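Novice: Below are the features listed in Swiss-Prot for this protein:
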type: DISULFID; residues: C29-C82; note: disulfide bond
type: DISULFID; residues: C84-C89; note: disulfide bond
type: DISULFID; residues: C93-C181; note: disulfide bond
type: DISULFID; residues: C94-C107; note: disulfide bond
type: CARBOHYD; residues: N36; note: N-linked glycosylation site
type: CARBOHYD; residues: N106; note: N-linked glycosylation site
type: CARBOHYD; residues: N125; note: N-linked glycosylation site
type: CARBOHYD; residues: N165; note: N-linked glycosylation site
type: SIGNAL; residues: 1-19; note: signal peptide
type: TOPO_DOM; residues: 229-242; note: topological domain 'Cytoplasmic'
type: TOPO_DOM; residues: 298-314; note: topological domain 'Cytoplasmic'
type: TOPO_DOM; residues: 382-403; note: topological domain 'Cytoplasmic'
type: TOPO_DOM; residues: 460-513; note: topological domain 'Cytoplasmic'
type: TRANSMEM; residues: 208-228; note: transmembrane segment
type: TRANSMEM; residues: 243-263; note: transmembrane segment
type: TRANSMEM; residues: 277-297; note: transmembrane segment
type: TRANSMEM; residues: 315-335; note: transmembrane segment
type: TRANSMEM; residues: 361-381; note: transmembrane segment
type: TRANSMEM; residues: 404-424; note: transmembrane segment
type: TRANSMEM; residues: 439-459; note: transmembrane segment
Amino acid sequence: MVSPLIILLIIWLSVGAKSVEIASINHPCAYAHTVNITDGLRMKDGSYSYAGVVVPPHLMAEYSFKVIDGVEYRAKKHLRGCVCLLKPCISFCCPENLVFDAKHWNCTMPHQVRESTHVELTYANRTVDQVRIRDRFVVRTELGCRNKFVDKKHDNFWQWDLFENGTLRRDNRLWSTDEYCFSPLEHNPEQWELTPLNCERFQTGYRVWIYAICSIIAIIINIFILSLLGSVRDARKSHYGQLIIYYLLSMIVGYSLLVYLALKNPMKLSHVACRNIGFLAYFCIMLSFVFLAICSLDFLLKFKQKAVRSSVRRLSLALAVLAVIGLRFLVSLAQDSKLPKHFKPGMGEDYCWFDVRTWGILIYYYGPIALLLIFSIVCCLKAYFSIYELPPDTQYILGTQLKIVKTHFYAFSAYIVGVFAVWIREIVVYIMARVREHFFIIDFWSGICILGLAIAGFILLLGKNLHVKSWWAINVESSQTDLSIINARVYKFDEKGDLKSSDSPYKPTVTSL
C-alpha cells in the first residue's frame, strides 16, 4: 500500500516541476502589460502593427497561459506583445457595441448602441480633460477578472480618476490596468456613463452562509466541550485533558478568525489587518494539529511505560509552540519573497487567507497538516499494538488506571481517524479543483465537515472522558436522584387530591377565596 506521505511528495514535486517550467520561460514583460496581437499586421522585419503601435520582435513572445485575477491558467498558445509599454492601455469589459449587464453578469446588446469614444482624463497637475480614448490609449478587451464590483446606488461608485498611464483611483486606492475594465452603465434613466468596474474578490452567497453557520455552531459546541473539561478538576489536571483543552482553544480561535474573514470584505480591512488576521488564524490552526500529534505521542509513551518528567513535558510544549511560530514566519517570508506566485500563500493580496487558486495552500497548509496527522495515526497504531505487550495482570500504568487510559485512547483514536478522513477529503477536493481550474473560495462542505468533527468531539472527547462522566454522575445525576426521591415522597396524592404519606411534613389545607 502506497503511503499517503509518498503520494503528497509526488504531487508536490510534480507541481514544483510544472511551476518551474512555466517560470523559466523568458517573457519580455509582465502579462498585465501585454495584448493578444495574433490578429495584428505582421511586418517584413518580424514586428507587428497593432492599434497603431508597432511592436518590435524583442517585445513579443508566445504564451501558453492566460492570467485571470492575477493567477495563471492554461490556454492555447498565442502571440502577445508588450503593447502597454509602448502606449498606455485601458481595458473594456465587453467587445465594441456591447455593454456589461450587472444583473446577469454578462455582455449584452443594448436597445440602443452606446458608443464610448471619449473619457475623462486626470493629469498630474489634477486638471481634468475629455480626451478621445484611442488617441491616448490602446483599448483591449479581456476578462481580467471573473467578478466585477457594481454598486450603482452609492455616489462614490461614480467617482473615480483615470490617469495618463492607465491606472485608476477609486476609494483612495490605485487600481492597475488589469484590475478594472470600462463599460457603459445606466446612471439615471436614459443617462449612460462610461464607468470602470473594479475586480471584486469578496464573494457572498449560499456557500459562504452555509460554511459560516456550520462553523459557528461547531465553535459553540467546542466552547461547551472546552468549558466542561476545564471545570472538571480531574480532567483538567490529567495530561490527556490538558492537551485536549489546548487543542480546542487553538481550534476555536483559528476557526473564529476564518469565519470572520469569510464574512468580512477584505477591501474594508487595511492591508496590515488583513494579513495579520490571516497569519494568526494559520498559527492557531497549525498549533491545534501539533497538540493532537503531541497527545498521540503521549499515549504511545504511556503504553510503552516510559515516564516523562513534568519539566520535559513543559519544554516539549514550549518547543512545539516555537516551531509553529517559526513556521508562521517562514510562510510570511515566502509571501514577501520573489518566488513565483504559484509558490506563495497569497495572504494579504486578493484574500486575507490562503489563495486557493495557487499551489501555495498545498505547500504551506495542507502539507504540514497531512504530515502531522500521519504522525498522529502512526503513533496511535503503535500505541494500540503496545497495549497487547503489557502484562495480563496490569491494573495501573504510570500511576493511572489502565481502564481509564485505554478508554481515553480508543475515543481519541476514533476522533483522529475522523479528523484524518475530513482533511484527506479537503486535500483531494482542492487538488481536483486546482487541476480542473474550477475554484470555490469557500467550500460549504468544509463547514459541514467542521460541524461533523465538533459533534464527534462532543461524543468522543467529552462523552467518553471518564473524569467527566464520574463528575457528572456525582454532581448531576446523584442530585437529580435525591431531588426525585424528595419529590416522590412529598407529592404523593390520592384520588381526592390529599397527600398519601401520613408522615409528610406537608399537611393538606383548605383555602377559601
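First residue shown is number 1, and so on along the chain.
The backbone N, Cα and C atoms fix where each Cβ goes, and this holds for glycine too.
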Novice: Work through the glycosylation sites one by one (N36, N106, N125, N165) and point out the residue whose CB has the fewest other CB atoms within 10 angstroms.
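Specialist: Ranked by other Cβ atoms within 10 Å, the glycosylation sites N36, N106, N125, N165 bottom out at N125.
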Novice: Looking only at C-alpha atoms, tell me how far C94 (disulfide bond) is from N106 (N-linked glycosylation site), rounded to the nearest Å.
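Specialist: So the Cα of N106 (N-linked glycosylation site) lies 8 Å away from that of C94 (disulfide bond).
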Novice: List, in sequence order, those recorded positions among N36, C107, N125, N165 whose Cα sits within 10 Å of the Cα of C82 (disulfide bond).
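Specialist: Matched recorded positions: N36, sequence order.
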Novice: I'd like to know which of the recorded positions N36, N106, N125, N165, C181 sit within 10 A of C89 (disulfide bond) at the Cα level.
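Specialist: Close recorded positions: N165.
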Novice: For the topological domain 'Cytoplasmic' (382-403), give the DSSP counts of helix residues, strand residues and coil residues.
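Specialist: Looking at the topological domain 'Cytoplasmic' (382-403) with DSSP, the answer is 8 helix, 4 strand, 10 coil.
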Novice: For C84 (disulfide bond), find which of the recorded positions N36, C93, N106, C107, N165 come within 10 Å, Cα to Cα.
Specialist: N165
Novice: Work out how many Å separate C29 (disulfide bond) and N36 (N-linked glycosylation site) at their Cα atoms, rounded off.
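Specialist: N36 (N-linked glycosylation site) has its Cα 13 Å from the Cα of C29 (disulfide bond).
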Novice: Give the helix, strand or coil assignment DSSP yields for N106 (N-linked glycosylation site).
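Specialist: The three-state answer is strand.
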Novice: Return the residue, from the listed disulfide-bonded residues C29, C84, with the maximum count of other C-beta atoms within 10 angstroms of its C-beta.
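Specialist: For the disulfide-bonded residues C29, C84, the Cβ with the most other Cβ atoms within 10 Å is C84.
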Novice: Taking only C-alpha atoms and a 10 A limit, tell me which of C93, N125, C181 are near C107 (disulfide bond). These are the recorded positions.
Specialist: C93
Novice: Is it possible to list how many residues within the topological domain 'Cytoplasmic' (229-242) are helical, extended or coil according to DSSP?
Specialist: 12 helix, 0 strand, 2 coil
Novice: Looking at the recorded positions C93, N106, C181, whose Cα is closest in space to that of N165 (N-linked glycosylation site)?
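Specialist: In terms of Cα distance, N165 (N-linked glycosylation site) lies closest to C181.
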Novice: By a 10 A CB contact count over all chains shown, which of the disulfide-bonded residues listed here is most packed: C89, C94, C107?
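Specialist: The residue with the most neighbouring Cβ atoms within 10 Å is C89.
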Novice: Looking at the recorded positions N36, C93, N106, C181, whose Cα is closest in space to that of N125 (N-linked glycosylation site)?
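Specialist: Spatially nearest to N125 (N-linked glycosylation site) by Cα position is C181.
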Novice: Translate the DSSP assignment of N165 (N-linked glycosylation site) into the three-state scheme.
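Specialist: The three-state answer is coil.
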